[in-house]
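S.K.: Just lifted these from TrEMBL, have a look:
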DOMAIN    393-506  domain 'PGG'
REPEAT    69-96  repeat 'ANK'
TRANSMEM  403-421  transmembrane segment
TRANSMEM  441-462  transmembrane segment
TRANSMEM  482-508  transmembrane segment
TRANSMEM  514-533  transmembrane segment
Amino acid sequence: MERLYEATLQHKFQEIKEILRQGVVTLTDKITMNGNTALHVAVGTTKERKFLKDMLNLATPPLDMQNSEGSTLLHVAAIVGNTEAVELLVEKDSDLLFAMDNEGQTPLARALSNMHTDTYAYLLKNKHSNQDIEAGNGTSWGLLVNIISSKDYGAAKSFFYDNLHMPLTDIDTVLMAIAQNFPSKLNSWERTFVDSTCLYTFLGYQFEALPKFVEAIKRKQEDYRLAKHLLRELCNFIKSKTDSGSHHEYYNNAILEATRQNADEFVRIVVSEFPDAISSTNEHGHNIIQYAVINRSENVYNLLYQMSEHKNMYKTIKDSFGNNLLHLAARLAPPDKLNHISGAALQIQSELQWFKEVQGFVCALNIIQKNSERQTPQMVFTREHKDLVIEGEKWMKETAQSYTITAALITTIVFAAAITVPGGNKQDNGLPEFTSKSAFTVFAISDAISLFTSATSLLMFLSILTARFSEKDFLLKLPTKLMIGLTTLFISTTAMLVAFGATLYLMFCQNNPQILVPVAALTCLPIACFVTLQFPLIKDLMTSTYGHSIFGKKSSIPFY
């Protein structure tokens with residue numbers, strides 16, 4: 001059996017024939033610990049069509065042999081996504097499409113659960129597989145959920161149109177799956193690539209990987225379009241099957257999940273199809289806007305800016321605990337939302353931005369209003385964010401302390417370099433030896449820039465270390481100081497390296513200028529490292545502090 005197993009793994013068909021001719025083992029014998037036959041091994045390990053065809057020609061139908069898990073050959077091929085083997089097996093024995101394993105799963109279901117959409121598409125197009133679905137026991141919506149979870153919205157659309165006869169039972173799980181997997185829309189720079197033919201053509205010649213990158217963007221755009229279309233069709237399907245009084249039970253959980261996921265387009269479509277969906281609430285009585293604030297879903301919250309006068313009701317609305325909208329904004333954000341933000345200091349900054357945004361929306365009276373626990377929104381914010389403020393202070397101090405050492409070292413080095421200039425001074429007049437050299441001018445300017453910027457950086461980091469670290473300082477004051485400190489530290493490091501390169505040139509390279517090339521290359525190395533390691537933090541600081549606000553009107557399309 002070991003010989004047959006090895007020969008099958010290595011796709012040695014002639015050796016397999018010789019082993020079978022000897023009669024010691026057959027194709028239907030189980031040759032592995034989990035009960036796989038040689039054919040199971042073949043369809044599970046290779047897509048080589050000729051070898052698979054030769055192997056299947058050795059067997060006689062029915063090819064219904066099962067391993068210890070109850071998996072047929074078609075199950076194994078579906079699990080690994082071997083579409084070539086699936087095609088050959090269906091041609092050879094179409095009854096395999098109806099076989100179920102020990103868990104009651106068909107090959108079609110296994111292909112879906114393992115996200116092999118190409119294999120699934122072939123099975124779905126097959127006449128027998130469609131009959132299997134129609135004769136199924138109510139699992140079709142479950143299959144659609146699997147397709148949506150695999151993010152193949154084209155296949156999901158086809159599946160839906162092929163199953164319009166299905167009852168509404170469990171269709172709420174389909175809406176939930178769309179809410180959980182709703183694709184994001186293209187951002188501004190992605191739209192620029194897709195819409196600008198000239199830019200794409202020009203850059204396509206410069207970068208070989210660009211066409212694949214643009215194709216990925218176009219697939220994202222198409223997925224977004226298909227997901228919206230499928231959602232609208234599902235809403236119309238629900239309306240056609242039920243009266244208006246029972247719609248709520250199908251979309252309520254899904255629209256709340258979409259709110260948590262920040263899928264504003266899902267919310268927009270469902271509310272446009274079912275206007276009463278705007279009043280959907282969770283088990284705590286929180287509506288969509290309240291739930292968006294709790295979960296820091298800015299896209300859904302921004303739908304307020306597209307509302308008519310209905311938005312005024314949210315200015316004074318309270319939950320069952322007497323919390324107005326500002327009380328909810330004062331709560332600590334869910335961990336999954338905070339974890340997307342780097343550093344505790346930026347996390348507390350984001351929380352302050354949310355609080356200030358909602359504070360500007362609600363009525364003035366709500367700012368000092370107390371809930372059932374006799375606490376104002378500011379009191380709730382302080383209580384909920386106490387630990388995060390401490391973490392932010394610790395993060396800021398540790399970061400500033402680390403950079404303070406670096407800035408102090410650079411200041412010391414460049415100050416010493418300015419006093420002891422390269423080449424020394426002339427004995428007669430005390431002027432530097434290389435005053436007339438252009439490289440000396442580069443050295444002098446770079447050294448001066450490095451000294452001034454490193455000193456500025458050092459002062460910024462020291463001011464952070466001595467700050468009071470009150471809540472409001474995290475909104476603008478502390479991030480600005482850290483951003484200035486990091487930026488000036490980068491400039492001082494770059495200028496110091498340029499000054500060092502100019503010094504090397506003056507001392508060693510004037511008679512051998514070829515040495516300048518490796519010196520310049522090595523000078524770029526630490527600069528590149530600094531940019532790679534620290535630029536993401538500088539970018540986050542600039543974006544969160546002075547970047548375009550995440551709040552405000554993002555579309556001209558009216559909402560409710």
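Placement of Cβ uses the backbone N, Cα and C atoms for every residue, glycine included.
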S.K.: With DSSP helix as H/G/I and strand as E/B, how many residues of the repeat 'ANK' (69-96) fall in helix, strand and coil?
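M.R.: Residue counts in helix, strand and coil order: 21 helix, 0 strand, 7 coil.
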S.K.: How many of the residues that make up the domain 'PGG' (393-506) does DSSP mark as helix, as strand and as coil?
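M.R.: Result for the domain 'PGG' (393-506), in helix, strand, coil order: 89 helix, 2 strand, 23 coil.
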S.K.: By Cβ distance under 8 Å, which residues at least 6 away from the ends of the transmembrane segment (482-508) in the same chain are close to it?
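M.R.: Distant contacts of the transmembrane segment (482-508): 345, 396, 399-400, 403, 406-407, 410-411, 413-414, 417, 422-423, 434, 437, 439-440, 442-443, 446-447, 449-451, 453-454, 456-457, 460-461, 464, 515-516, 519-520, 523, 526-527, 530-531, 534, 537-538, 541-542, 545.
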S.K.: Cβ under 8 Å, sequence separation of at least 6 from the ends of the repeat 'ANK' (69-96): give me the contacting residues as numbers and ranges.
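M.R.: Distant Cβ neighbours of the repeat 'ANK' (69-96) are 34-36, 39-40, 42-44, 46-49, 52-53, 56, 61-63, 102-103, 105, 107-108, 110-111, 114, 116, 118-120, 122-123, 126, 128.
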S.K.: Looking at the domain 'PGG' (393-506) alone, can you tell me the average pLDDT?
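M.R.: Mean pLDDT, the domain 'PGG' (393-506): 88.
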